[in-house]
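Notes to accompany the following structure.
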Amino acid sequence: MKRIGVLTSGGDSPGMNAAVRAVVRKAIYHDVEVYGIYNGYAGLISGKIEKLELGSVGDIIHRGGTKLYTARCPEFKTVEGREKGIANLKKLGIEGLVVIGGDGSYMGAKKLTEHGFPCVGVPGTIDNDIPGTDFTIGFDTALNTVIDAIDKIRDTATSHERTYVIEVMGRHAGDIALWAGLAGGAESILIPEADYDMHEIIARLKRGHERGKKHSIIIVAEGVGSGVEFGKRIEEETNLETRVSVLGHIQRGGSPSAADRVLASRLGAYAVELLLEGKGGRCVGIQNNKLVDHDIIEILETKHTVEQNMYQLSKELSI
């Protein structure tokens, strides 16, 4: 394999640039040319592809977002769209592709593999919802962004003796909410993967207030419901002054943490190794600090789960 491509797809995550950098530098180290596909699968179809050199990825390891940009692409879901994308790759002599993104990006890589084009997926999403890896690129940075927000909100919550509901990202996965809630000392954590008892949450807040607690923090993953609605109900049923903060897209931005830069570098380089070994239809990950790879179809068919022992611990520590 003498030429490979790399693209970023779906929601951006801090560390994607570090992964792109690793792909380019690892490939060039092995005398393999690298082409960047801009705007994800949309760029594959439109032919927005250019050769990347060492200088192309200079000064990006510390930058958030993605140098290659990203976009949604409904056309790629069609056979015609995929065939057009593959034709553009073959026109340039590109023989394999590294896809950095979440489960939707993995689905695209799977489809390309089914068309006979070798792909390797690299998990890039702040949601940490890709099976087969302990952590995804961007999760640690997003987590630290949320923790920073919790700490600052706690200061004002204490000053005004208020309850705060903080809504974080996670439509289908509660990892950000769970980890941030545990690290931030939240009184309650609501995630899509676990049932919750609103009456118990209300009772716990009342008990805390009765014993002199000056503030409370509740973390809600967006997939559970609206933080605003939770805030209204809490204030109505507890008579405690309650405010809501929806963190939104700030969780996706910012300079990647050291952990995300290292993770992205390791996974990006490993993806190139797999392609050069002729292994397509795979995706990479990290488990127990060791690099691993899996069949991408198996990963797509595996349901993501949160660590139940951590969820239980969060309940035990929030009494």
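Heads up, residue numbers simply count up from 1 along the chain you see.
Cβ atoms here come from the backbone N, Cα and C positions, even for glycine.
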Report summary line: Per Swiss-Prot: substrate is bound by THR125, ILE126, ASP127, ARG162, MET169, GLY170, ARG171, ARG243, HIS249, ILE250, GLN251, ARG252, and from GLU193, GLU200, GLU222, GLU277 the site also lists GLU222
Report summary line: For the ATP site that Swiss-Prot gives as ARG72, CYS73, GLY102, ASP103, GLY104, SER105, the extra residue out of GLY5, GLY11, GLY174 is GLY11
Requested in this report: Please state which member of ARG3, ARG63, ARG154 Swiss-Prot lists alongside ARG21, ALA22, VAL23, VAL24, ARG25, GLY185, ALA186, GLU187, ARG211, LYS213, LYS214, HIS215 for binding ADP.
Outcome: ARG154
Query raised in the report: Looking only at DSSP and grouping its letters into three states, which state does ARG243 (substrate binding site) belong to?
Result: strand
Report summary line: For ILE250 (substrate binding site), the three-state DSSP class is helix
**Report entry** Cα separation, ARG25 (ADP binding site) to ARG252 (substrate binding site) (Å, whole number)
**Finding:** 25
Report summary line: Here the 10 Å Cβ neighbour count for GLY185 (ADP binding site) comes out at 13
Report task. For ILE250 (substrate binding site), just count the other CB atoms lying within 10 A of its CB, please. Result -> 14
Query raised in the report: Quick one: which residues besides GLY11, ARG72, CYS73, GLY102, ASP103, GLY104, SER105 have a Cβ within 8 Å of the ATP site's Cβ centroid, in sequence order?
Result: SER9, GLY10, GLY40, GLY101, MET107, GLY108
